[in-house]
Amino acid sequence: MAVEMFYDDDADLSIIQGRKVAVIGYGSQGHAHSLSLRDSGVQVKVGLKEGSKSREKVTEQGLEVDTPAEVAKWADVIMLLAPDTAQAEIFTNDIEPNLEDGNALFFGHGLNIHFGLIKPPANVTVGMVAPKGPGHLVRRQFVDGKGVPCLIAIDQDPKGEGQALALSYAAAIGGARAGVIKTTFKEETETDLFGEQAVLCGGTEELVKTGFEVMVEAGYAPEMAYFEVLHELKLIVDLMYEGGIARMNYSVSDTAEFGGYLSGPRVIDADTKERMRAILKDIQDGTFVKRLVANVEGGNKELEDLRKKNAEHPIEVTGKKLRDLMSWVDRPITETA
């Protein structure tokens, strides 16, 4: 089924320019949204709790900052870009008491609305504007006169103005220059979670670790295994990112291409596909989100235990040692400290 697409000519920038926008959160997306909205002639304030380390950065970049409650009271459009696991508390404590008839509550991801963790009053427009790229790219493309494609969705539309407002917002951060895709909260949330869990984060991570283990257990040096299953992954992903699977296969050697065709289906087979379907079902029926909420309510104990176990995998020890040899690789603070 073809998606519905919109561009700058379909958007009325004056709609969002006539509103007061509160952006709650100043992480990757928060800073990109806030600065680009301001540069598009929109009134913007940033909401951050007292004592937040980001407050100084906000003022240095010429934006006004106040508490989430105060900016929510001031604004008529509120974009909630805090982490998923913090949003419900922020909504309950800071946003909901300050919502007025006709306000709009926007999100950059649909999880809390789709799974009912946040339930806005019926007289509020609920929408989503979600750039399909990290915040630094969203901002850089905007400054360069370009844009990153965006998704928009509307969950509640009491006044029938939700889509026009979301499209105007997307245009103000550069999204309509590239293209805006209309979706639903359900589709965005479930596809995003599935991609993260089955392929991008969970699936890729386990594939890499298992490949490393097989090689080391067969007697190969851990350093050789690291190079072959992790380090070179970037080369392959970059080719796929630029031109799809066909570009990758065109660019690698005939030996690599032929071997991939033969052995790939032996690794990812029909049983794997069934397990992927089970993962998707857990997402769709709320099983995953219930576990996510339980983890947060338990003080993130399960997440911390999983992080600790992951950090102890031999591939991490080997990788840290090898990355010391790579002057061209940006090192995370945790490795350079």
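Placed from the backbone N, Cα and C atoms, the Cβ positions cover glycine too.
Note that the structure is a prediction, hence the values are computed from the model and not measured.
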Gly116, Gly127, Gly133, Gly135: which one does Swiss-Prot list with Tyr26, Gly27, Ser28, Gln29, Lys49, Ser52, Ser54, Asp84, Thr85, Ala86, Gln87 for the NADP(+) site? Gly135
Cβ-Cβ neighbours of Gln87 (NADP(+) binding site) (radius 10 Å): 22
Using a 10 Å cut-off, grab the number of neighbouring Cβ atoms around the Cβ of Thr85 (NADP(+) binding site), all chains included. 17
Would you kindly give the Cα-Cα distance separating His109 (active site) and Ser28 (NADP(+) binding site), rounded to the nearest Å? 13
Cβ contacts of Glu228 (Mg(2+) 2 binding site) (under 8 Å, same chain, 6 or more positions away): Gly211, Met215
Closest by Cα to Tyr26 (NADP(+) binding site), out of the recorded positions His109, Glu196, Ser253, is His109
From binding-site residues Ser54, Thr85, Glu196, the one whose Cα lies nearest Ser253 (substrate binding site): Glu196
Among the binding-site residues Asp192, Glu196, which residue has its Cβ surrounded by the fewest other Cβ atoms within 10 Å? Glu196
